[in-house]
Protein chains: 2
Amino acid sequence: MSKQQPTILVVNDDGITAPGIKALMETVQQLGRVVVVAPDSPQSGMGHAITIGKPLRLDRVELYDGVEMYKCSGTPVDCVKLAVNRIFRGKKPDLCVSGINHGLNNSINVLYSGTMSAAVEGAIEGIPSIGFSLDDYTLQANFKPCLQYVRQIAEQVLQRGLPSGTLLNVNFPAGDNLKGIKVCRQAHGKWAEEFDERMDPHKRPYYWLTGEFQLNDQGQDTDVWALDNNYASVVPVQFDMTAHHAISVLNSWGL
Amino acid sequence: MSKQQPTILVVNDDGITAPGIKALMETVQQLGRVVVVAPDSPQSGMGHAITIGKPLRLDRVELYDGVEMYKCSGTPVDCVKLAVNRIFRGKKPDLCVSGINHGLNNSINVLYSGTMSAAVEGAIEGIPSIGFSLDDYTLQANFKPCLQYVRQIAEQVLQRGLPSGTLLNVNFPAGDNLKGIKVCRQAHGKWAEEFDERMDPHKRPYYWLTGEFQLNDQGQDTDVWALDNNYASVVPVQFDMTAHHAISVLNSWGL
């Protein structure tokens, strides 16, 4: 750690008033100077969306004593972009933490998650970045049992950095029986959608997205396995989406 | 190709009235039975966003003679989910093509792009999927020079399939000097944001996202290099975001 106090950007996708971001902010405050930039409304499932067709608001708010906080009208990724460009102004933070999300972001959920996309954007900016999520969707989620691990992982990343082009996806099981941490890969899985069709008062149909997670992976080295066995899962994530192993296959096609 | 005519799902992020989706639809109609499901408004930059907090509309439209078309109030990924669940109903299409996007989706843009995220969602559903983009943002974009390549690539994917867990990101340079196709990797690059700050009539600031693409990659095996040299770039993309090479690094931390 540098002798100067490190600066830490805290973001999320559940919105600036979510209990999860308060728990995360209070935990990393022990490690450095914190700046919070979070959406002014819930942005779950926003993935890596950015706001192109309309302008953004970024306003200072005073929610907790002595904490520099801003609410943003955009997506989680917009929050990171605005933080880097308008608040830190080129002097990048030493760490970007996102969450703690109310709900898991393991397996394929890394793609849909605004929490994780904010952390991905931090990593694209060259900032060591971590997304944290807890297996509890409720406002009453108990973050306490995982906070010592949040602190430990954040501290390690501040000290050691992360391999170039990577970030961390950290998920916690609910409850206080946490057995420790497992470094994992993303489990193969997908959502099987079941749209709930309803009729509006004008007899026109509309659809609610709903569905069930399907695990297609029996590996014991996955995030799903770790969480099922009461471990916190830590998956290193990259934003190079190239399927390098498929390049030779395609070259053999003679396109 | 199976003896039955293949079914082809056509999606995009520029919206159902964009010239790019018309060009794509007309091209793949030569290969099978087409169903178009596209957003009812532009959804550029939506990334892998899905709609959770509000319901979705999906309505049949008649834009072009004899083509089964639907407009959807959601994101490009919502379009794919609704198509699979409500239109194809379990009998998945043989191919999913997305685009042709008005504007490039090379390098890091694969993450922000609604066009590419729709193709990623197709691949998650197990459907051979391809995203197509042209380096021309305008409504007047000339898609003609790339259509023979669109057809050729779509035909090959229908015949051969794609390696498990992968899809294709195909980008075309503008103009009619196309020299051929290069199979590439995603170039390392990022957007350097420059938010344009303005004042509203009530003296409150607002921000427009703008910026410049920064290439951090001198490789001649990248999509950026191919496009700069008048080749169409074909990048195999995967949705396993695990940085497998970083797992051993993290294990050495003793978390």
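Using N, Cα and C of the backbone, Cβ positions are placed for all residues, glycine too.
Nobody curates TrEMBL annotations by hand; they come from automatic prediction.
Mean pLDDT, taken over the domain 'Survival protein SurE-like phosphatase/nucleotidase' (B:8-192), works out to 97 on the 0 to 100 scale. Residues or ranges marked as domain 'Survival protein SurE-like phosphatase/nucleotidase' in TrEMBL: B:8-192.
The feature divalent metal cation binding site is assigned by TrEMBL to B:Asp13, B:Asp14, B:Ser44, B:Asn101. Counting only same-chain residues six or more apart in sequence, the Cβ atoms lying under 8 angstroms from the Cβ of B:Asp14 (divalent metal cation binding site) belong to B:Gly20, B:Ile21, B:Pro42, B:Gln43, B:Ser44, B:Asn101, B:His102, B:Thr115.
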* Listed binding-site residues (B:Asp13, B:Ser44), ranked by Cβ neighbours within 10 Å, top entry -> B:Asp13
* **Additional residues surrounding divalent metal cation, by Cβ distance to the B:Asp13, B:Asp14, B:Ser44, B:Asn101 centre under 8 Å** => B:Asn12, B:Gly15, B:Ala18, B:Gly20, B:Pro42, B:Gln43, B:Pro76, B:Gly99, B:His102, B:Gly103, B:Ser113, B:Gly114, B:Thr115
* To do: Against chain A, with Cβ pairs under 8 Å, which of the binding-site residues B:Asp13, B:Ser44, B:Asn101 show up? Give them in sequence order, please.
  => B:Ser44
